[in-house]
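TrEMBL annotations:
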- C316, C323, C326, C332: [4Fe-4S] cluster binding site (BINDING)
- 37-47: compositional bias 'Low complexity' (COMPBIAS)
- 66-79: compositional bias 'Low complexity' (COMPBIAS)
- 105-117: compositional bias 'Basic residues' (COMPBIAS)
- 1-51: region 'Disordered' (REGION)
- 65-86: region 'Disordered' (REGION)
- 98-127: region 'Disordered' (REGION)
- 351-382: region 'Disordered' (REGION)
Amino acid sequence: MPDRKPTVRKSGASRPAAQDTSPVGKTSAGKKAAVNATPEKPAAAKKAAAKKAVTKKAAVKKAVAKKTAVAAEPAPAKKTAAKKTAAKSAAAKKTAAKSAAAKKTAAKKTPAKKTPAKKAPAFKRESRAAMVRRAHQINHELAELYPYAHPELDFTNPFELLVATVLSAQTTDLRVNQTTPRLFAVCPTPEDMAAMDPERLEELIRPTGFFRAKTKSLLGLSAALRDRFGGEVPGRLEDLVTLPGVGRKTANVVLGNAFGVPGITVDTHFGRLARRFGWTTAEDAEKVEADVAAIFPESEWTMLSHRVVFHGRRVCHSRKPACGACAIAPLCPAYGEGETDPEKAKKLLKYELGGQPGQRLKPPADYPGQPAPPMAPPVGAS
Ligand code: SF4
């Protein structure tokens, strides 16, 4: 745009000639013109001002728009940052979830070694009624586990059972079962045994250990049966315990398994488990028997004895109980005394539960395991 030079007005030179004919008219016209002209200028100025205002407003609007744009520009950046933060927190959450899952898995994998510490106080506060209830549950569980429980001595009559039980002191039922076939082949009745040469009898029962003392007992009880009971084994506890080498435990085994008279057999396994189960605190066999007899009805005594002894021999061993593979672990205050790792505990199981032969050479028909092997011939025998 070219620059406009301001117009310099010279006095009278620019006025039109017609307007100069009457001085009065001239004056009033001039005044009128002046009066008329005066309002024109503010209108234009107003217009200009209005234009300027509009322009300004537009400029302001533009500026505002720019500002808004500028202000709006960082938004994506903020959004990105927010997204990043969200992603980070999501990742953190994922990691936390993973570690929680790992912890859960670890907790699942870890065998319940700490459980006994939690369980023990609960059992300590147990009332007698609760203990009795739990004892019956244990018996029920053991009945499910060992429906084939039976005495683990081979016998065909009360005399054989009596002799085998006397021989089982301080040795295994397996060793007795491997010994008695030969013994009963030589002396099948009390009369035959009472007439045996002591040295010959000692030789026959030697594999069971303590053979001299046991020979004495066998000769004495055979003679007593022959002389006092007509060659028959009596069916009463008070008679049985009068026989040499026969105590309550032996008498109860004979009564329960040969005569069907209920009896609790407290051997080393039964005593140990009864204490672990919290049924008794006694060490003395007779006291243990009395404590357990007060918990269970007579009808259960004989089979309860077999089940508990079965469990003691197969799972709840003296030194290394297989707690991690024990079906009654939730009911046992002594859980944790032995191996709690399920895989390691499984390897401790014995007899049919461990895939091994049983103790009897002639087990009952419902026994799920293999029969025991006969005695191995002496080294060098043909
Ligand atoms: S193996 Fe363990 S859990 Fe099972 S009865 Fe024995 S001590 Fe109790």
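Each residue, glycine too, has its Cβ placed from N, Cα and C.
Keep in mind the model is a prediction, meaning the values are calculated, not measured.
Packing against the region 'Disordered' (351-382) from elsewhere in the chain are residues 147-148, 150, 152-154, 172-174, 177-179, 181, 207, 313-315: each is 6 or more residues past its ends and has a CB under 8 Å from a CB in it. The Cβ centroid of C316, C323, C326, C332 marks the [4Fe-4S] cluster site; residues of that chain outside this set whose Cβ lies within 8 Å of it are R276, V315, P321, A322, I328, A329, A334, Y335, E337, G338, given in sequence order. Other Cβ atoms within 10 Å of the Cβ of C332 ([4Fe-4S] cluster binding site) number 23 in total over all chains.
Counted with DSSP, the region 'Disordered' (351-382) comes out as 4 helix, 2 strand, 26 coil.
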